[in-house]
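Peer 1: Heads up, here are the entries from TrEMBL:
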TRANSMEM  46-69  transmembrane segment
DOMAIN    46-469  domain 'Ammonium transporter AmtB-like'
TRANSMEM  90-109  transmembrane segment
TRANSMEM  129-150  transmembrane segment
TRANSMEM  157-179  transmembrane segment
TRANSMEM  199-223  transmembrane segment
TRANSMEM  244-262  transmembrane segment
TRANSMEM  341-361  transmembrane segment
TRANSMEM  417-442  transmembrane segment
Amino acid sequence: MASLSCSANDLAPLFNDTAAANYLCAQFDSISRKLNVTTYAVDNTYLLFSAYLVFAMQLGFAMLCAGSVRAKNTMNIMLTNVLDAAAGGLSYYLFGFAFAFGGPSNGFIGRHFFGLRKFPKDSPPSGDYSFFLYHWAFAIAAAGITSGSIAERTQFVAYLIYSSFLTGFVYPIVSHWFWSSDGWASATRSHGNVLFGSGVIDFAGSGVVHMVGGIAGLWGALIEGPRIGRFDRSGRSVALRGHSASLVVLGTFLLWFGWYGFNPGSFLTIAKGYESGGYYGQWSAIGRTAVTTTLAGSTAALTTLFSKRLLAGHWNVIDVCNGLLGGFAAITSGCAVVEPWAAIVCGFVAAWVLIGLNKLAAKVEYDDPLEAAQLHGGCGAWGVFFTGLFAKKEYVEEIYGGGRPFGALMGGGGRLLAAQVIQILVVCGWVTATMAPLFYGLHKMKLLRISRDDETAGMDLTRHGGFAYAYHDDEDGSSRGVGFMLRRIEPAAITTPSPPAAPQV
């Protein structure tokens, strides 16, 4: 909001009284300061609330992951989700935020605010602790995506290493490139040439978050190999189904709820008017973004429902949930700059991208228990490309400024589309160059995959002291054998007493 200004010299001739003019200007200045403080408080409250929503997605990831694995690995996957947030919190605080937004800096990497030193004192006016919290929630979301790809067969120490590396270095560099005002491909670049006169429009992170997490998971799962029993000797795919569809549905709805902080929250501020005047401003654009998010996910869910019915012959709630999330991952890039009808197109294609990649994964014997690489990596890449096709001129100019290229199919030429393709290529290249060697090194040091015996028995028993679901009333059954752990206590057989013998006459 622009500050109100007042000059006593301008007012004095009107009142013929310098003292009165000075008094009025002092009151105007006081009102102006209060309005600015109120605007700042409203914007930061909005950003904090959005950060809370994005963080709540961790609960959604936890439930989704728990329901998608077998019961014998539930404790393990839940613990990895907790550690993604905890380890990611420290690594992002120490290094990640500085690499991502530590400006002024160069186009490749940030270099200020390590350990939040001198933050927010020396940060731009828009930067505050709420900004850090919001982007930390994004960073741990990327790590959560990766953990799903390598579930049920990964050593716990490997989770700690890759999660810290991803949130502290790999992800922050990508977010610096595309979201920082110093980034070489950022649409908000404040100095120097903007890529193709446009910069990359990845509004909430189809590429920055979802592709990074998905491609990292892809390399982890490829280097580890499939789970035991996932493919038979002839290469035929064998379904290793998760143990709880209820948890999958719960996690999906929690993620849906959190996505309203993920996408609309990426505006960062809400108290901003547009030149159109009236009651139209950033608050309206935020509402539109929530609508496009909803439509893309809903369309993808319904497309997956009927497509899988035709392909598999039954209605499958797990497939529908994954399709829904694939639609959300795709629309995340262009949610703020496309029309609602375009979001329907985005969701429809995203569903088929996911179905096609799952078919390909089965053919090449690639095993991803949560379809995370296909869902987040594949649908995320489609979402980045989709934005280059359907971004609307009016919305692009409202958010990023006038004179910008917009969607190729909307009459904006091919410059934005070219920038989007560049993003897809460099994200794939960067994550491959950093995460593939890390996973390969862990594999060579025998720190990546658990033993065959541990995998068969389940990590809950062999690595975490017992199963997540107790079938007994003992205070501590973790040290007992597997047979006892799985034996249910049945009620004792009830014998009916024989009726008394008839008296002898």
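Cβ coordinates are placed from backbone N, Cα and C, and glycine is handled just like the others.
Annotations in TrEMBL come from automatic prediction, not curation.
Owing to the predicted nature of the structure, the values given are computational and were not obtained by experimental measurement.
For each feature listed, report its degree of burial, its nearest neighbours and the pertinent distances within the displayed model.
Peer 2: For the domain 'Ammonium transporter AmtB-like' (46-469), the model's pLDDT averages out at 94.
Long-range contacts of the transmembrane segment (129-150) within the same chain, counting only residues at least 6 positions beyond its ends with a Cβ under 8 Å from a Cβ of the stretch, are 44, 47-48, 50-51, 54-55, 57-58, 61, 64-65, 68, 77, 80-81, 84-85, 88-89, 92-93, 96-97, 100-101, 116, 119-120, 123, 158-159, 162-163, 166-167, 171-172, 175, 205, 208-210, 212-214, 216-218, 220-221, 224, 262, 265, 268, 368-370, 372-373, 376.
Within the chain carrying the transmembrane segment (199-223), a Cβ under 8 angstroms from the stretch's Cβ atoms is held by residues 138, 141-150, 154, 162, 166, 170-171, 174-175, 178-179, 185-189, 262-263, 265-266, 289, 329-337, 366-368, 372-381, 383-384, 387-388, 391, 396, 399-400, 416, 419-420, 422-424, 427-428, 431-432, 435-436, 439-440, 443, 448, all 6 or more beyond its ends.
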Peer 1: Of the stretches 46-69, 157-179, 341-361, 417-442, which racks up the most C-beta pairs under 8 Å with the transmembrane segment (244-262)?
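Peer 2: It is 46-69, which has the most Cβ pairs under 8 Å.
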Peer 1: Could you tell me what the rest of the chain brings near the transmembrane segment (90-109), counting residues at least six beyond its ends with Cβ under 8 Å?
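Peer 2: 115-116, 119, 124, 127, 131-132, 135-136, 139-140, 163-165, 167-169, 171-173, 175-177, 179-184, 192.
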